[in-house]
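Below is one structure; the comments refer to it alone.
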Amino acid sequence: MPGETGDGEFQNGRRSRNVETLRDEGEYFVHVKQFQKAIESFTKALEMSTGDKNCLVTRSKCWLQLGNAENALTDAEEALREDKDFIRGLYQKAEALYQLGDFETALVFFHRGHKLRPELQELRMGIQKSEEAINNSIGVPESVKLQASGDLSYFFKHEESKAKQSKGTYQKPGAKKETKKERERPKSGGDSKTIKQLLGELYGDKEYLEKLMKDKSLTGEKSPMERDIKHKVYDGLEYLNSRADFWRQQKPMYARKRDKEKSRRSAKQQSRDPRSYILRSLDEIEEDQSEGKYEQSLKKAQKVLKQVEGMSSDELQNRAEIMATLYSSIGNAYLEMNNFNRSMEYHERDLELSREHDLEDAKSRALDNLGRVYARKGSFQKAIDVWCEKIPMSKSPLESAWLFHEIGRCHLELNQYVDARDNGRKALEAAKEAEDDTWKLHASVLVAQSEVKNGELQAAASSFEESLQIAKDLEDNVAEQAIKKALDEVNGKIVRGEGDDEDEDTDKKIEQRPGTAGSAKIESRPGSTEEQKTEETKEKEQEVAE
C-alpha cells in the first residue's frame with residue numbers, strides 16, 4: 001500500500017516522465033526543424049531537471065540553427081560543467097566557437113574531443129574545417145616569402161653598436177645606413193560593390209579612412225604627428241582589406257544571414273514574377289512556423305493560397321503541389337492553435353489533392369499530419385488507421401521507427417497490449433537498423449510497458465534491462481533512474497508470484513476512469529507536437545510501471 005514514501009516516489013516518477021516527455025517532444029521538433037519550439041521544450045525540461053547535459057547539448061544545437069552562437073556556447077559550457085570529458089559537450093562547444101569565428105579555440109576543442117573519441121568522423125571534419133578557416137584568414141606558411149626589404153636600419157645600428165663595444169671605434173666594413181622606404185598605401189582586392197557587400201557595416205569605416213587619407217593636413221609627412229596618423233590609417237585599411245579577403249573565402253553565419261536579407265529586399269524590387277513571390281512566401285511561412293509564429297504564418301499562407309487559387313496551371317507551374325503545401329501549412333498552424341476541426345479540414349484537402357495528382361511525398365505528409373490531429377483529439381483508432389496507410393511510404397528506418405512507435409502508443413491507449421507490444425518490437429528493429437540509440441530507448445520502453453500490461457513479467461524485465469543499458473550508453477540519468485524503478489517493481493512482482501490477475505485489476509481501474517479512452521492524449525514524440533500530456537495519461541503510465 002502506498003504511504004507517504006510511496007507518494008513521494010510517485011511524484012518523483014511523474015516528474016521524471018514529464019522531463020522525458022518534454023525531451024522527446026524537443027527531439028521531434030529538432031527532427032522537423034522547428035528549432036524555436038524545440039528550445040521551448042528543452043527549456044521546460046531543464047526547469048524540472050537542472051543541468052541535464054543531454055538537454056543542454058541539444059538546445060545548443062538548436063541555438064546554432066537559429067544563428068545564436070552565443071547562447072549555443074553558453075549551453076555547451078554548462079553541459080561540460082560537471083563532466084569535462086563529455087564528448088557531445090566538447091563537440092558542441094567547438095562548433096559554437098567555430099560559428100563565432102574563434103577558429104583557434106574551436107580547433108583546440110575539436111582536438112580534445114578527437115583525442116577521447118578518435119573514431120568520430122564529426123571531430124575529424126571539425127579539425128579539418130577549423131584549420132582551413134585559419135589558413136584562409138592568415139595564409140599557409142608556404143605562401144609567405146620573406147624578403148630583406150623595408151626599414152632595416154635598426155639591425156645595422158645594432159651591428160654597429162656591437163662592433164663599437166668589441167673593437168672600440170672600429171666600424172664594420174660595408175655597413176651603410178639604409179634609406180627608409182615609404183610605406184605603400186593599402187590596396188583593395190576587388191571592386192567597391194563587392195567590398196561593400198563583404199564588409200557590410202564596416203564599409204562605412206573604410207570610406208571614412210579613405211577620405212581621411214586625402215586630407216594632407218592630417219596625413220602628410222611634415223610632422224611626426226601627421227606621419228603617425230597616416231600609419232594608423234594604413235593599419236585600419238589593411239585590417240579591413242584582410243577582413244574582406246577572409247569573408248570572400250569563408251563566410252560566417254551572420255554574413256549568410258545578411259545576404260539572405262539582402263536577397264529578400266532585392267527580390268521585392270525585381271520583376272513581378274508571381275512564381276518567385278509565391279516560392280519566397282513559402283520559405284517565409286516555413287520559417288515562421290519553425291519559430292513558433294503560427295498566427296503570422298497562417299495569415300501569410302491564407303493570403304498566398306487566395307492568389308494561387310486565382311491562377312491556372314499554365315500560369316503557375318506545379319500549382320497542385322504548391323496548393324497542397326499551403327493546405328498543409330494552414331493545417332499545421334490551426335493544429336498548434338488547438339483548432340482541431342479546421343486543422344483536420346485542411347489536412348484532408350492536402351490528402352485529397354495529393355491523391356488526385358499522384359503526389360507521393362505530399363500524400364505521406366498529409367497522412368502523417370492527419371494522424372497527429374486524430375491523436376491530439378484522442379481518436380486513437382483513427383490515428384492508427386491513417387498511420388498504417390503511411391507505413392509503405394516510409395523512406396528510412398528512422399521514419400519507420402517513430403511511425404511504429406506512434407501506432408504502438410495508440411494501441412496502448414486503447415488497452416490493446418499485444419498490438420502495442422508487436423508495434424513496439426517493430427519500432428525497435430527499425431531503430432536498430434537506423435543505429436539510433438534514442439529511438440531504441442523509446443521503443444524498448446514501449447515494449448516493456450506493453451508486456452507488463454499483458455502480464456508477461458519475465459519478458460518485461462528483459463525489455464527494461466535492455467532499456468536500462470541504452471539509457472546508460474546515452475548518459476541519460478533521468479531515464480536511467482525511472483527505468484531502474486520500473487525494473488525493481490517488475491522484479492518484485494516476479495518474486496511475489498504476481499502476474500495476470502493483478503494486471504487485469506489494473507486494466508479495470510483504467511477502464512473505470514471516466515473519459516480515459518476518449519479524452520486522454522497520446523504521449524509526446526516525433527509526430528506529436530502537444531505541449532503536455534493530460535493527467536489521465538500520466539497516471540496511466542504510473543500504473544504501467546506498477
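Every residue, even glycine, has its Cβ placed from backbone N, Cα and C.
Here is what TrEMBL records for this protein:
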COMPBIAS  175-194  compositional bias 'Basic and acidic residues'
COMPBIAS  256-275  compositional bias 'Basic and acidic residues'
COMPBIAS  522-546  compositional bias 'Basic and acidic residues'
REGION    164-196  region 'Disordered'
REGION    250-280  region 'Disordered'
REGION    492-546  region 'Disordered'
REPEAT    19-52  repeat 'TPR'
REPEAT    324-357  repeat 'TPR'
Contact set, same chain, for the repeat 'TPR' (324-357): CB under 8 Å, 6 or more residues outside the stretch: 282, 285-286, 289, 292, 294-295, 297-298, 301-302, 304-305, 308, 363, 365-367, 369-370, 372-373, 376-377, 529
Three-state composition of the repeat 'TPR' (324-357), taking helix and strand from DSSP: 30 helix, 0 strand, 4 coil
Helix, strand and coil totals (DSSP H, G, I; E, B; other) for the repeat 'TPR' (19-52): 27 helix, 0 strand, 7 coil
Reported mean pLDDT - the repeat 'TPR' (19-52): 88
